[in-house]
Amino acid sequence: MKQNFFAVDLGATSGRTILGSFIEGGLNLEEINRFPNHLIEVGGHFYWDIYALYRHIIDGLKLVAHRGESIASIGIDTWGVDFVLLGKDGNLLRQPYAYRDPHTVGAPEAFFSRISRSEVYGKTGIQVMNFNSLFQLDTLRRNHDSALEAADKVLFMPDALSYMLTGKMVTEYTIASTAQLVNAHTQRLEPELLKAVGLQEENFGRFVFPGEKIGTLTEEVQKITGLGAIPVIAVAGHDTGSAVAAVPALDRNFAYLSSGTWSLMGVETDAPVITAETEALNFTNEGGVEGTIRLLKNICGMWLLERCRLNWGDTSYPELITEADSCEPFRSLINPDDDCFANPADMEQAIREYCRTTGQPVPEQRGQIVRCIFESLALRYRQVLENLRALSPRPIETLHVIGGGSRNDLLNQFTANAIGIPVVAGPSEATAIGNVMIQAMTVGEATDVAGMRQLISRSIPLKTYHPQDMAAWDAAYIHFKNCVR
């Protein structure tokens, strides 16, 4: 009998629900509903509308129920670091802050005045970024935030949504690891860091790993959706964790690039790699499935283009890619990870101003802006990959690009040109596939991650890009390193 697995995949700009099932020869995915996920700006702060996300999930479940389809289980993954605060009565105390909120500017330095940067990194192996949950929580503590002071529980976004569906509070390992609150060696919440932000382990839900059952739909949700007591399974709650589980690699000599709003480049390791070098380069060790560690670097990704598109109306990606392809190469380059691109009011203007202040031609046409973004991303990927090669316990012979960005032929070719090794693109739905596969492993439909990857490689169309024009890209890389600030 065919089993359907309901995957909820929420990104920082959009979300969707997907029904996955196994068919002869592979995996079938059907999108049930897709919806925007917008920042809400109120009083100079940025929040997520978790109630809207919950409503969209309920809508997806109702659509499946209306068709008479059965669901074997449900899994939820989201972006990282953001969280919900619950009172003693189990109710949400307010909408969660979004990680792009400016209140964490300078937060790491404030925290390190009490516990040193090296000590924090030595425990967690997580790269230092302003918006890590550790620093968000410490910012709220220092600001005497009323919601934090009243909070009984802290739930990360995927865990908060599973709580709204099941009434059960959990803390899933991969999403907690990303938060910089988990000891990378013990794979448990780190008591010293919790104490530093005024919390204890009791302020979090039951600690679970991917593949564990969270609970079943509450009677209320069953009544609203018309479904039964369907189990909700902890997948890799951090979307990158689910995505990397779906990398269609047949050996381990690969790096991955999860390409979406963020670009996350890394390798899989069997143990944390926490050294003076990884600390200096600000690489992160995030928890993965089956006990693996994702040694990776966060790179700003399609956020740059997504924000530019806000000014460009309904222009499609193919149109923009065609315009970029016809523009002069290497005219202007930026550092995608410069702070000025974190959340500017006008991304186009921020890019132009960066080029102006670094003495480069200022992009005027839309195609020039897009080409600047793509070339700069590809060259930044090369820079990060060079560091990754020095840190990886295995050689890197292929780069697997997964996620929505894997559909971008021009950027994929630029990336192959820049890094000098083959780029294998796909699947674009890696996060949803990983989500479904982890659910399927729980009920025995799939055996292990290696078997999952073989199935994906056989059943999902992939495209390989080989390096071209390497001399020109080598020269551009020198220019890139000289002009980034």
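A Cβ is built for glycine as well, from the same backbone N, Cα and C atoms used for every other residue.
Arg16 (ATP binding site) counts 19 other C-beta atoms within 10 Å of its own C-beta, drawing on all protein chains shown. The ATP binding site annotation in Swiss-Prot covers Ala12, Thr13, Ser14, Gly15, Arg16, Thr261, Glu306, Gly404 and is backed by sequence analysis.
Classification of Asp239 (substrate binding site) by DSSP places it within a helix. On its own chain, Asp239 (substrate binding site) has Asp9, Leu10, Gly11, Asp77, Thr78, Trp79, Gly80, Thr431 as residues at least 6 apart in sequence with a Cβ closer than 8 Å to its own Cβ. Residues or ranges marked as substrate binding site by Swiss-Prot: Gly80, His238, Asp239, Thr240, Asn298.
Residues or ranges marked as active site, proton acceptor by Swiss-Prot on the basis of sequence analysis: Asp239.
Residues or ranges marked as disulfide bond by Swiss-Prot on the basis of sequence analysis: Cys355-Cys372. In this structure, Cys372 (disulfide bond) is part of a helix by DSSP.
Put simply, of the binding-site residues Gly15, Asn298, Glu306, Gly404, the one whose Cα is nearest the Cα of Cys372 (disulfide bond) is Glu306. Counting only the Cα atoms, the space from Ser14 (ATP binding site) to Thr240 (substrate binding site) is about 15 angstrom. Just so you know, the Cβ of Gly404 (ATP binding site) picks up 20 other Cβ atoms within 10 Å once every protein chain is counted. When the binding-site residues Gly15, Gly80 are scored by other C-beta atoms within 10 Å, Gly80 scores highest. Candidate recorded positions: His238, Thr240, Asn298, Cys355. Nearest to Gly404 (ATP binding site) by Cα distance: Thr240.
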